[in-house]
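Chemist: What follows is a single structure, and I will ask about it in a moment.
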């Protein structure tokens with residue numbers, strides 16, 4: 001039905017190209033220009049970041065961090081390091097977001113700092129791999145947590161989980177197609193529910209520690225199970241849980257007073273999230289042993305069963321709502337990258353169309369669905385996590401590298417928010433180190449991810465930059481494509 005709606009809207013003139021700059025508001029042939037409106041306040045921006053960051057990650061990543069770090073103490077160090085790195089990255093992106101005031105996030109920043117080829121490769125990887133895999137991971141966690149109580153004490157059937165997952169994704173896409181204000185307001189409400197869920201995990205753990213139960217923290221830095229070669233994979237899991245701090249840069253043009261609200265929103269959000277994640281992990285380990293965390297398929301459910309049996313069935317539902325909020329924020333922001341790329345001429349024009357009445361990037365949202373459904377149907381949660389992390393963090397590192405190069409080349413550009421250069425430098429080095437080491441730690445998944453990213457090269461030169469080819473080759477390819 002949604003596809004019928006979009007084609008009917010196209011036929012009846014319900015869409016308009018979004019190529020009019022969003023900061024302009026003018027009359028064109030007696031009609032109001034159509035563009036994405038500024039509706040994201042500071043509170044909504046904070047809700048977008050916190051609501052997107054706190055999703056499935058904190059409920060599935062603790063097992064991966066502990067497994068690949070080797071002990072409880074080092075796993076907590078990894079969580080803190082991931083929080084600091086994420087803050088460094090967010091501050092670097094805030095610098096870019098206040099000086100390059102276009103929506104599109106990673107893509108626009110790569111385009112403006114390193115040129116069209118890295119930008120297109122990031123866009124290609126985003127559309128064919130990163131975004132579908134990220135949404136599939138979070139949505140699979142949503143589906144599992146939502147229906148798991150219905151099948152307790154047995155595990156929910158995989159088919160049932162995937163059907164619920166697909167239903168949830170379709171609902172989120174429909175919501176984001178319908179109204180920016182609705183999706184933003186729902187994001188705010190779900191963010192409040194996330195904080196309630198976090199409180200229900202933190203408070204019992206702190207009470208256990210207050211009673212003097214520190215036995216699970218004895219020998220916290222035991223080196224018998226330490227495996228330094230797996231440490232990059234621990235950072236992948238931790239950084240996945242923090243992933244989402246960059247989504248506010250995807251909607252720069254829709255933020256009211258971005259010079260003030262972007263830096264404030266990322267600083268407040270990352271401080272809250274980092275503190276919350278550390279307290280959640282301490283609470284997990286206060287109630288569960290390291291062996292129990294590693295044996296659990298859903299750490300939050302295992303924690304709830306041990307901490308308070310009377311309301312343990314409510315925790316999976318709250319976790320599912322947390323995942324739903326993360327999905328909503330991710331879809332809300334990611335469609336803007338495709339919209340921005342289409343406006344820059346590197347993606348099909350259809351993606352730059354905005355619905356005249358609803359002012360939402362309708363086609364960009366709907367055309368993400370097929371690959372998302374494919375990932376959900378054939379993918380495995382933890383396999384997908386390793387699969388997309390290589391390309392995601394490689395390009396994020398390139399963005400912060402581009403920030404330093406852009407500063408050197410264009411010192412005259414006004415920067416309302418300017419971070420010290422050591423912040424993007426440290427973040428860039430750590431991104432490249434983690435990405436490089438992951439090729440050794442998990443060569444299969446990272447190798448596949450790298451290969452898929454490189455498939456964007458022939459697409460770029462044959463379709464986007466046809467002028468770089470000899471005329472005969474370009475004409476032959478155009479004839480074949482037609």
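The backbone N, Cα and C atoms fix where each Cβ goes, glycine too.
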Chemist: I'm validating the feature mapping. Which of 73-94, 95-116 is tagged transmembrane segment in TrEMBL?
Modeler: 73-94
Chemist: Suppose you had to name the range TrEMBL annotates as transmembrane segment; which of 13-32, 233-252 would you pick?
Modeler: 233-252
Chemist: Select the range from 73-94, 128-147, 192-213, 384-405, 446-464 that forms the most Cβ-Cβ pairs under 8 Å with the transmembrane segment (264-287).
Modeler: 73-94
Chemist: Counting Cβ pairs closer than 8 Å, which of 41-61, 73-94, 384-405, 446-464 has the most of them with the transmembrane segment (128-147)?
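Modeler: The listed stretch sharing the most Cβ pairs with the transmembrane segment (128-147) is 384-405.
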